[in-house]
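Q: Okay, here's the structure, questions in a sec.
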Amino acid sequence: MTEPPSPPAATLWPDKKSLVRQLLEVSRLLEVLGAEPYRAAAYAGAARRLEAYEGDLTPLLEAGRLTEVRGVGPGVAAAVEALRGRGAPQLPLLEALYAEVPEGVLGLLRVAGLGPKKVRALWQAGIADLDALLAAAGDGRLAKVRGFGAKSAAAVTAAARFALEARERERLDEAEVRAARFEALCKTLAPEATLERAGELRRALETVGALSFVVTGLPVTVLAERLASLGATPSEGGELHLSFEGRPLELWCADAEALGAALACRTGSEAFVAALAAHAAAKGLRLTPAGLLRGETLLPTPTEAALWTQLGLPMVPPERREGGLVGDEALVTLTDIRGLVHNHTTWSDGACSLDEMVAAARALGYRYLALADHSRTSYYANGLSVERVFEQARAVARLREALDRDGADFKVLHGLEVDILPDGSLDYPDEVLAKLDYTVISVHQHFTLDKVKQTERLVRAVQHPYASILGHLTGRLLLRRPPYEVDVMAVLAACAEAGTVVEINANPRRLDLDWRLVARAKALGCRFAIDPDAHHVDGYHDLRYGVLMARKAGLSAIDVVNTAPDAGAFLARLKPSRAPVGG
Ligand SMILES: [Zn+2]
Ligand SMILES: [Zn+2]
């Protein structure tokens, strides 16, 4: 199919959120570069005014009348006006500033707690990237830089380690997309080669370092030639290390007859492969990346299944290979999930209407959709006032009636994502909560309480009789924001005791609660909901990530409340605090 010729670039105005973010970034970069303070302040001020501006900015942008917003001066307006006629919504000024600041210094700006002033001070002191920052923290130089003391140096070190990891790893969903691009490229450059994903990506770790593939069909020297443009140089063990889109990537060449053994060894984890090799040794076999051997004889393992058969073991799914060997398990699967829980609509900050969310859920074959729009304290996410809660309840009731009239085997449950307030109380009075089918309770603000207070806050919240599911427990955003300080085990124990379900938030940016803690929570007697936290119908597909994390933690369908076959059975699995609803 040929694409029609693309029309000349029309002006692409950024939406309000993006414009505000860009202006704030301009302000920060100006400060780092040591511009006149009033210039940085003008951009920051304009950003705040535009953020608070009620209404659509596009007409003002199109008419070139941005200065009509109070607090937006002609300088800022001109920087925005420079977007006119450009096909990309990125401010040319921002691009110019990025070009002036070294990559390493930009990396410092991503460290939590390092504002532009501190970054400038570091840069002036010759500390111009994360590695230099950690070195300076190690030998005491950091504490002597203007604006830093021993205490802040310690906090910055922890934050810098986090940022360093963020630089070297990427989220699972990003790694998947990059892997697919590499596979497509290889189809062109080396069509005879067959690639199998290995390493952390195959194990579905929530963040991935180097992408790793086992390759059959081409000798390593030929493969290296084909991929020379990517800087591929072969090393002794039949492996290639190269750089793809600026990130490291490993290729392991294997013989087709030994693919199964190579794949198992290159999938890892190290602990798992060691346990597998020990099992092989006990049977008088030797497991190596070059193949499974009895003495000098290669036992054919053209697939991984063949390897597992040779070893006399049931196959352990790759995502479950983080520790030692595990026995045959009935792990939860994506098709076990029958209901979509924790979903946003245009009633708060979702992008799709209630009707669209229902239609898409039905089309995917789910049996129930449990809503969870934001509560009133999340005003920035258009959280619902008490009046709008009741209004939404009426809309849901009408929709249920319409579904029943159609004979649809599908239920909509009315719930909300209720903010946990700083003292651990919930964001609506009990009379309002009592009207809901269920709740997801979540922390969205006040992340910086001390550990004791944060723990007390969450423990009190999960003990609330109307708290059904504890949403994204630690608040982490993978590689962007570390979990807040909280005694997770104390909160989990309180959940187990109160019967409050623990969420595995399936959004690949969160995957919160961490699967390692999910395994510990299960041992405490907790039950779980695997929730898409969808803000768009496409978000339903994130469930796959949540299920992978649940499998890493060793959960079965019975551990997960939204494997219940219908809405009534789902509600019956939540703690009994209200009359049954939903019909
Ligand atoms: Zn939330
Ligand atoms: Zn949410």
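From the backbone N, Cα and C atoms, a Cβ is placed for every residue, glycine too.
TrEMBL lists these features:
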DOMAIN    16-322  domain 'DNA-directed DNA polymerase X'
DOMAIN    64-83  domain 'Helix-hairpin-helix DNA-binding motif class 1'
DOMAIN    106-125  domain 'Helix-hairpin-helix DNA-binding motif class 1'
DOMAIN    140-159  domain 'Helix-hairpin-helix DNA-binding motif class 1'
DOMAIN    339-422  domain 'Polymerase/histidinol phosphatase N-terminal'
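Help me see these features in their spatial surroundings.
A: The list of residues near the domain 'Helix-hairpin-helix DNA-binding motif class 1' (64-83) in space but at least 6 beyond its ends in sequence, with Cβ under 8 angstroms from a Cβ of it, reads 11-14, 19, 23, 26, 39, 42-43, 45-46, 48-50, 53, 57, 89, 91-93.
Remote same-chain residues near the domain 'Helix-hairpin-helix DNA-binding motif class 1' (106-125) are listed as 27-29, 31-34, 40, 98, 133, 136, 141, 145-148, 152, 155-156, 159-160, 162-163, 166-167, 481-482 (criterion: CB distance under 8 Å, separation of at least six residues from the stretch ends).
Across the domain 'Helix-hairpin-helix DNA-binding motif class 1' (140-159), DSSP classifies residues as 13 helix, 0 strand, 7 coil.
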